[in-house]
Amino acid sequence: MNTQQDLVQRDLKYIWHPCSQMKDYEELQPIVIASGKGVYLYDKNGKEYLDIVSSWWCNLLGHCNPIISESIKHQLDRLEHVIFANFTHEPAITLCEQLMGIIPKGLAKFNFSDNGSASVECALKMAFQYQYQTGHPKKTKFMCLSDGYHGETIGALSVGCLDLYAKIYQPMLMSTIHVQAPDCYRCPYGKCRECCQAECIEFAKTAFEQNAEETCAMIVEPLLQGSAGMRIYPPIYLKKLRALCDQYTVLLIADEIATGFGRTGKMFAFEHAGVSPDIMCISKGLTGGYMPMAITITTDEVYDAFYADYSEGKAFMHSHTYSGNPLGCSAALAVQKIFREEPILENAAKRAIYLNQKLQEALIEHKNVGEIRHIGLINAIELTPDRRAKSEYPSELRIGYQIYKKALARGLLLRPLGNVLYFNPPLIINELEIDKAIRICKESILEVLGDL
Ligand SMILES: *Cc1c(COP(=O)(O)O)cnc(C)c1O
């Protein structure tokens, strides 16, 4: 039997789903998705779900995009995979050439892996070894922002600061230097977004003064701390951070895994700041969400510190079996083709204005909406029991999760981050789809939290 109910029973017998309390599934069973098209997913019974979270932020241009599908199929009949040490292939080479045209200036060397966390691990090891091989063996620690998120493996978790994911593992993690992140909703300097000069860079300044000698790199999610609840901070902060890193010989690692490929309105978030990182991690949107692939990109300067006679032992001895997987590259090439041939960013920019206006109209007056912040098409609704005090709902209430369940019943995939609801749709979403998502989101909020 292959009915929805039968598949659910078979699923629960064996599958341990990611980031889930499996006991929750007794009440809210997994939804068996049979197909997808554009911004929609369809379950076994034909019910449609509007995928407003881009299936964990990776689906960039819609489900079952024919151009991406075709590109993967074409590659599949030629070469599915080949060892990437000493071997290469055209899709990887062409992809790097094309990415060179869109990435921040100065980045020039590409190290492939197969998921975001792996690309972060690669960045950390690269930075550490770079400092070691350029005469700074004491620079062994990493600096990161509070409430940051960089993935789930041990290194990535060590530079992440969200208790929800990291707290229990503290004894396993390396010690890192935490810098208090910008918090524009609850700005400690009482600044508004318009008058902000990133005064909170002071926290970073102090950390650099005290720890730079032992710090090899600083890692940040540029402009958008995604998992922290889509917290947004201004480009000037990155500019000032770049200056600090230069002053103290600390490498700057940009985790653009969530922000890359147009999510913030520009191709990469760092572009807003007009500066470049020394190392950049990309994944998620890279393949449009079709194949698991990631790349850690760095400068010639970093690369050159590893380039020497074999006997000097300076090589970067880091690898993953699926490095440079041709199917992943073929999906990424198709994404780049679509960016070149269609005005994806221009259209997304128009829709971004529309989405934010309509969402503000629908919800900003609600007594429990503290703020609706936005960058690119990403919009986050901060829920609060008291708008003036900007207080937080106790996590046991699971307000976001209650609303999520109501929205699911109505056909909207609105997976929350704690008490923050967010929209992070595929860039190809249209106005009708936006209207529908906002309507269901509002109905679901009203059902759980009561009237305006
Ligand atoms: C998703 C994400 C990661 C981790 O990527 P995975 O592919 O899930 O390992 C790292 N950093 C950021 C900013 C992310 O959003």
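Positions of Cβ are set from backbone N, Cα and C atoms, glycine also.
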Site-mate of GLY116, SER117, HIS320, THR321 for pyridoxal 5'-phosphate in TrEMBL, selected among ASP51, ASP183, ASP255: ASP255
Same-site residue for substrate (record: TrEMBL; known: TYR149, LYS284, SER319, ARG415; options: TRP16, TRP56): TRP56
Distance [Cα-Cα, Å, rounded] between HIS320 (pyridoxal 5'-phosphate binding site) and LYS284 (substrate binding site): 18
In the chain carrying GLY116 (pyridoxal 5'-phosphate binding site), residues 6 or more apart in sequence that have Cβ under 8 angstroms from it: HIS150, GLY151, ASP255, ILE257, CYS281, SER283, LYS284, ALA294
Those binding-site residues in TRP56, HIS320, THR321, ARG415 whose CB falls under 6 A of ligand 1, listed in sequence order: none
Other C-beta atoms that fall within 10 angstroms of the C-beta of SER319 (substrate binding site): 14
Coarse DSSP state, helix versus strand versus coil, of ASP255 (pyridoxal 5'-phosphate binding site): strand
